[in-house]
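Data block below; observations after.
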Amino acid sequence: MIEKTDDIGGFDRFKLACAALGLIGYAIGLWHVHRIWPTSDQAIFDYVAFIGANGGMYYRDAFDISWPIPFLYHAAGQAIFGVHPWTFRVFDMAVLMPIGLTAMAWLLKRCGFARAPWIVLATYPILYATSGAWISGHRDITAMHLLILAAALMIDRPSPSRRGLAGFVLMIATFIRPTYLFAALPLWLIDLRAAPASFRLRMTAGLIAGGIAVAFAFLMAGLQLGTIGDWYEQAVLFPATRYQVDQGRMRLIGDFITIVASHWRWPFVVAVGGAALWGMDKARRSRFGLTLAALILTVIVSFFVQNKGFPYHLSGFVPLMLLSTAAGIDAGWSRLREARGALRAALTMMMLIAGGGLAMGSGARAVGPLLAWNPPISQVEIDRRTIAGIIRSESRPDEPILQWGRRYDVAVLSERLSASRYINSQLIARLSADDRLFAPWIGTFRHELAARAPVFMIIDRDQMPGRPDRLPLPVSVRPTPAVATFVALANRNYTVRALTPEILLLKHR
């Protein structure tokens, strides 16, 4: 049930002010993100998308251990804007972030908060855009937006079709971040708790059917394209058996605390203040609180299952902290007018923490990009654009290249296809000579390079022993087969074409 306000005119002015702040924050955020260079993960997805848009198939022609949805939305960005360093970040702000913003506002509205959706509208665009290069646009926060949308779809109406749509959205999130499938369990249990007994079986069937529809469509597409086996080997079997961290998960407790304390100090404090406020609202806290707890638990479980300790694996917290803060401000505002004495003083204090903290934090986030409105282009960016320009000017569009490393921005900007499907070379470099399970990959890698030698080799120097600046490339005592194959080919048939602090560019003789 939506709370009704007594001051309709005042509420309209509040909505207008929030909309204006949101548009200003969005404009600043869009300008800010378009200047941020792609991270290594985003560059890899850009390159996979580029290969797919130029006749290749995901997994079969472009090796990667991620699940497929990110390739699709990176490809959509390239189809709309072309190939540029800013392409995906602008697409993210234009399409993906508004989906999350809408989902957050809708969830709050479905839980009975009238002002909170407008608070989200006013603050989320700038908070999202300035959350960090490794936060905005990455898989965890994008998938969390969809989980929030699925949770909103499951509130109130006991409709099997609505649950089917929720299951559909939830499975799409899973195909972005597989560990987020965990959210289905607590969200389903919360839904069962609130649903009439006569509808529970049909609602459960609807939820499952929606998820199965996505999985079935993916399976049929993979079978039709002949890539389902490649997907299973690369995105399921390889990560499960070769891409694991050989350390206990207990160390992640310290990492977790450090990440929250260093990255999200003030958002965490204002979220806790917000939780104290909406926690006092008996009418609205139950479903909202349980839903928020389910999504928080999903982020934590995902972080520990992945066992990497990367900050962006906790980025799903970013929208959740704002949800808590906005709901708290709404709940506190509703009670403040009628509160008296100690309760009024406590509410005022918590409103200052939640509302004042959010206002100051959002304002500070907006001021940062304004103070650095047009910074000079870094030498690293100049170097990487220069290398890509050399490749484009000294090769034909149909001539292949090969990159050794993880930062595929140069490969993307060169707009040349790879001589080998194993584009994420540092992953195949892990395979030892006695690796029986993935031995065919090494054979394929050698065959591809022998059949179609790359015109250029782009080497991330920090991914080779000794950060080489010349030929011959050094060889370690016991190189893995992929490394030995690459080094032998480079030393035999290539010359140095360009050198930067980060890149060694080789050209075929």
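From the backbone N, Cα and C atoms, a Cβ is placed for every residue, glycine too.
Marked as transmembrane segment by TrEMBL: 14-31, 90-108, 114-135, 165-189, 201-223, 264-281, 288-306, 312-333, 345-364.
When Cβ-Cβ distances below 8 Å are used as the criterion, the transmembrane segment (14-31) is approached by residues 90, 93-94, 115, 118-119, 121-130, 362, 366, 369-370, 373 of the same chain, each at least six residues removed from its ends.
By the count of Cβ pairs under 8 Å, the stretch nearest in packing to the transmembrane segment (288-306) among 90-108, 165-189, 201-223 is 165-189. Tertiary proximity for the transmembrane segment (201-223) is limited to same-chain residues at least six positions away from its ends with a CB under 8 Å from its CB atoms, namely 68, 154, 158-172, 174-175, 184, 188, 191-192, 195, 231. Outside the transmembrane segment (90-108) by six or more residues, the chain places 26, 29-30, 33-34, 73-74, 76-77, 80-81, 116-118, 120-121, 124-125, 128-129, 136-137, 141-142, 144-146, 148-149, 151-152, 155, 288, 291, 319, 322-323, 326-327, 330 with a CB less than 8 A from a CB of the stretch.
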